[in-house]
Amino acid sequence: MLRGQRHGQLGWHRPAAGLGGLVTSLMLACACAASCRETCCPVGPSGLRCTRAGTLNTLRGLRGAGNLTELYVENQRDLQRLEFEDLQGLGELRSLTIVKSGLRFVAPDAFHFTPRLSHLNLSSNALESLSWKTVQGLSLQDLTLSGNPLHCSCALLWLQRWEQEDLCGVYTQKLQGSGSGDQFLPLGHNNSCGVPSVKIQMPNDSVEVGDDVFLQCQVEGQALQQADWILTELEGTATMKKSGDLPSLGLTLVNVTSDLNKKNVTCWAENDVGRAEVSVQVSVSFPASVHLGKAVEQHHWCIPFSVDGQPAPSLRWFFNGSVLNETSFIFTQFLESALTNETMRHGCLRLNQPTHVNNGNYTLLAANPYGQAAASIMAAFMDNPFEFNPEDPIPVSFSPVDTNSTSRDPVEKKDETPFGVSVAVGLAVSAALFLSALLLVLNKCGQRSKFGINRPAVLAPEDGLAMSLHFMTLGGSSLSPTEGKGSGLQGHIMENPQYFSDTCVHHIKRQDIILKWELGEGAFGKVFLAECYNLLNDQDKMLVAVKALKETSENARQDFHREAELLTMLQHQHIVRFFGVCTEGGPLLMVFEYMRHGDLNRFLRSHGPDAKLLAGGEDVAPGPLGLGQLLAVASQVAAGMVYLASLHFVHRDLATRNCLVGQGLVVKIGDFGMSRDIYSTDYYRVGGRTMLPIRWMPPESILYRKFSTESDVWSFGVVLWEIFTYGKQPWYQLSNTEAIECITQGRELERPRACPPDVYAIMRGCWQREPQQRLSMKDVHARLQALAQAPPSYLDVLG
């Protein structure tokens, strides 16, 4: 016999407060039901209590069954069985209690009609066993079986397993099997108990379309009850014929098709202990097939394709009949399919900013051992700007001035004008017109630049990533407070007309953006984490960061659109990706790539030697970043700066706070305009609104407000110092005025403890007082890449 030693209750347990609340509600209900003399009395709006002794022998046909959520039955010695149909109609039942009654048997499917049942109390009855099937599929929180004469058998092994796995408190009751006298043995000592063993034997030879396939399911185990096949995924793929019985079941698939691939064939078996099942997939070989679609313009151009075949075919692209060698600008990308049970694969041939040179015939060849297939498509990405092939010789034609001339020399005429000369003259005139237009634009842009150039502050609080970037044409730029209010930077900073076009900004529907929660706030407005649908073809939805514009003035809207145009142009793996804007309704939204680990400064601090001190009791990273990881971070920031420098853009506010960290230690340049609010101590306020990051600025920027690509190099040297100090503030021991004095007098930041001499040499190369003597960003990046690929052996003897 099995006995229950009650240490609370057997099985799952609700929280003490919840269980106490249930008991309290039942006690209060007793007062209301005291006057009820029927077999079952209502308790509250959806409860029923049946406690009159010996008046109930079945639970069928209870009054108000459709609305019941709690049913309490007690002292019913004639209630001995709970069958399949007894609880029919009680679909809303959450709690069932049958105690101190004569319940001897509960059918395996007794709770088929009560899928929401979560609290089951069958204590103090006459139960000798309870099948695992009885509670299968229920989300129980409480199961109470104490006070029942449970027999020690394999049928109760499932209960002991729950006890061993500590499922919601089952361990609180010890189940033991009775031996001789008062000796009790643990239920687990019965080694003959176990779920069935199921194995499917597959055909040894390869299967092709049209073949017949025979599968055999072998079942082993004690007290086997039933077994069968699950073939729901195979409908329509073949004719199925079952054969045999326990312990060996057969299945014949007649005239199989390629649709059988990736479909599960499942065999299951049950006994008193539990259920076991195993699934296999039959691989049907068939030749490759391919389909190509027309080129579509997305973020990159895409030539969509679909390929099928088993085994999966290899792919090769051809362009105008020649093998196409893939690069980082032209490459194959497969799309993740939501369907995992098909052999067909979908993808794109991605082309990054293709030109007329890429116009032509594209052919995809797919091949596997059973055959090959090819498909071709013509793609045109851009009209040819030339009326002739620049590789062909220019034809020369002659038109005589005097039609009466007797000379017929086809080689040369004195007054004839060759076509090549006409082309040259035309190009020269076009160049002159272009230069004239350029000067006009230069003059106008100097007067009405909308990228913060004519603002009263060098770095106003509302400036974001784009507001800190400027296109340089004639070397460095300087900005005095009076210039900021006046004519701007005539002759020094211009907006390149070819970079800004409203048509290139991607517009996102507001209905596709679902805001989740706020990430931060700046003077411009707020930044939210959001889900964006239909943004990328290979993802139904993705997390993004959404910047909402607070100000609604016309100037703010114009700045918004100009910033969007600029950000659309900046496309680099180490610049935070800008997806587009939403201008439907209000507020105006910008959608950026979401970088899950936040800004680089916080990331460095949380992964540094002082992480525990700064965490304030929160979980911290297991250890500080290693030398190789620090070099990788620095190299990525440098790569982004090389890209900006190649476009002649000046950042002006480069710092770790304005870099973001994503999954896999991917670092990108970009901020959402929040850094001046979050890191206000990093900025030095001059006058009313001007805030300068003086600790990152070179002498010429502090003294003369001169910003250039060389001033960005200086700032990068400070960023490198931040990285190797795990996010410390430059000149942290000095006030702003003291820091200005040190920088302008030529003092340098000391070498960090974790910094190898080679890296510090790069920092010093960035901090040369004369801008022309500083390392270029390209050289800095090359040196860091070399160090990252082979990190130097460096031992911090002081640490």
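The backbone N, Cα and C atoms fix where each Cβ goes, and this holds for glycine too.
Per Swiss-Prot, active site, proton acceptor is recorded for Asp653, and the stated evidence type is sequence analysis. Around Asp653 (active site, proton acceptor), taking its Cβ as the centre, 28 other Cβ atoms fall within 10 Å, counting all chains.
Taken from Swiss-Prot, the feature disulfide bond applies to Cys36-Cys41 (among others). Counting Cβ atoms from all protein chains shown, Cys41 (disulfide bond) has 21 others lying within 10 Å of its own Cβ.
Annotation comment: Swiss-Prot describes Cys40-Cys50 (among others) as disulfide bond, evidence class similarity to another entry. If you take the C-beta of Cys50 (disulfide bond) and look for same-chain residues 6 or more apart in sequence within under 8 angstroms, you find Thr39, Cys40, Cys41, Leu56, Leu71, Tyr72, Val73, Glu74, Gln76.
According to DSSP, Cys154 (disulfide bond) is assigned to a helical segment. Positions annotated as disulfide bond by Swiss-Prot, on the basis of sequence analysis: Cys154-Cys193 (among others).
If you take the C-beta of Cys217 (disulfide bond) and look for same-chain residues 6 or more apart in sequence within under 8 angstroms, you find Val198, Lys199, Ile200, Gln201, Ala227, Trp229, Ser248, Leu249, Gly250, Leu251, Cys267. The disulfide bond annotation in Swiss-Prot covers Cys217-Cys267 (among others) and is backed by sequence analysis.
What Swiss-Prot records for Cys302-Cys348 (among others) is disulfide bond, and it gives similarity to another entry as the kind of evidence. Every protein chain considered, the tally of other Cβ atoms within 10 Å of the Cβ of Cys348 (disulfide bond) stands at 22.
Per Swiss-Prot, the feature domain 'Ig-like C2-type 2' maps to 295-368. The DSSP breakdown of the domain 'Ig-like C2-type 2' (295-368), given as helix, strand and coil counts, is 3 helix, 42 strand, 29 coil.
According to Swiss-Prot, the domain 'Protein kinase' annotation covers 513-784.
Per Swiss-Prot, the feature N-linked glycosylation site maps to Asn67 (among others). DSSP gives Asn67 (N-linked glycosylation site) a helix state. Using a 10 Å radius centred on the Cβ of Asn67 (N-linked glycosylation site) and all shown protein chains, the other Cβ atoms total 13.
As annotated by Swiss-Prot, N-linked glycosylation site applies to Asn121 (among others), with the evidence given as sequence analysis. DSSP assigns Asn121 (N-linked glycosylation site) to a strand.
Residues or ranges marked as N-linked glycosylation site by Swiss-Prot: Asn190 (among others).
Annotated N-linked glycosylation site per Swiss-Prot: Asn204 (among others), in sequence order, evidence recorded as sequence analysis. Note: Asn204 (N-linked glycosylation site) has no non-local neighbours, i.e. no same-chain residues 6+ apart with C-beta under 8 A of its own C-beta.
The N-linked glycosylation site annotation in Swiss-Prot covers Asn255 (among others), and the record cites sequence analysis as its basis. Less than 8 angstroms from the CB of Asn255 (N-linked glycosylation site) sit Gly210, Asp211, Asp212, Ala238, Thr239, each of them six or more residues away in the same chain.
The N-linked glycosylation site annotation in Swiss-Prot covers Asn264 (among others) and rests on sequence analysis. Under the three-state DSSP scheme, Asn264 (N-linked glycosylation site) falls in the strand class.
Neighbour density for Asn320 (N-linked glycosylation site): within 10 A of its CB lie 10 other CB atoms from the protein chains shown. If you look up Swiss-Prot, you'll see Asn320 (among others) marked as N-linked glycosylation site.
Marked as N-linked glycosylation site by Swiss-Prot on the basis of sequence analysis: Asn325 (among others).
Cys217 (disulfide bond) carries a strand DSSP state (E or B). Within 10 Å of its Cβ, the residue among the glycosylation sites Asn121, Asn264, Asn325, Asn361 with the fewest other Cβ atoms is Asn325. Here the CA atom of Asn121 (N-linked glycosylation site) lies 27 Å from the CA atom of Cys193 (disulfide bond). For Cys154 (disulfide bond), the nearest neighbour among the recorded positions Asn67, Asn264, Cys348, Asn361, judged by Cα separation, is Asn264. Straight-line distance linking the Cα atoms of Asn320 (N-linked glycosylation site) and Cys302 (disulfide bond), rounded to a whole number, equals 17 Å. Ranking the recorded positions Asn121, Cys348, Asn361, Asp653 by the distance of their Cα atoms from the Cα of Asn264 (N-linked glycosylation site) places Cys348 first. DSSP gives Asp653 (active site, proton acceptor) a coil state; it is part of no helix or strand. Note on proximity: among Asn121, Cys302, Asn325, Cys348, Asn361, the recorded positions of the record, the Cα nearest Asp653 (active site, proton acceptor) is that of Cys302.
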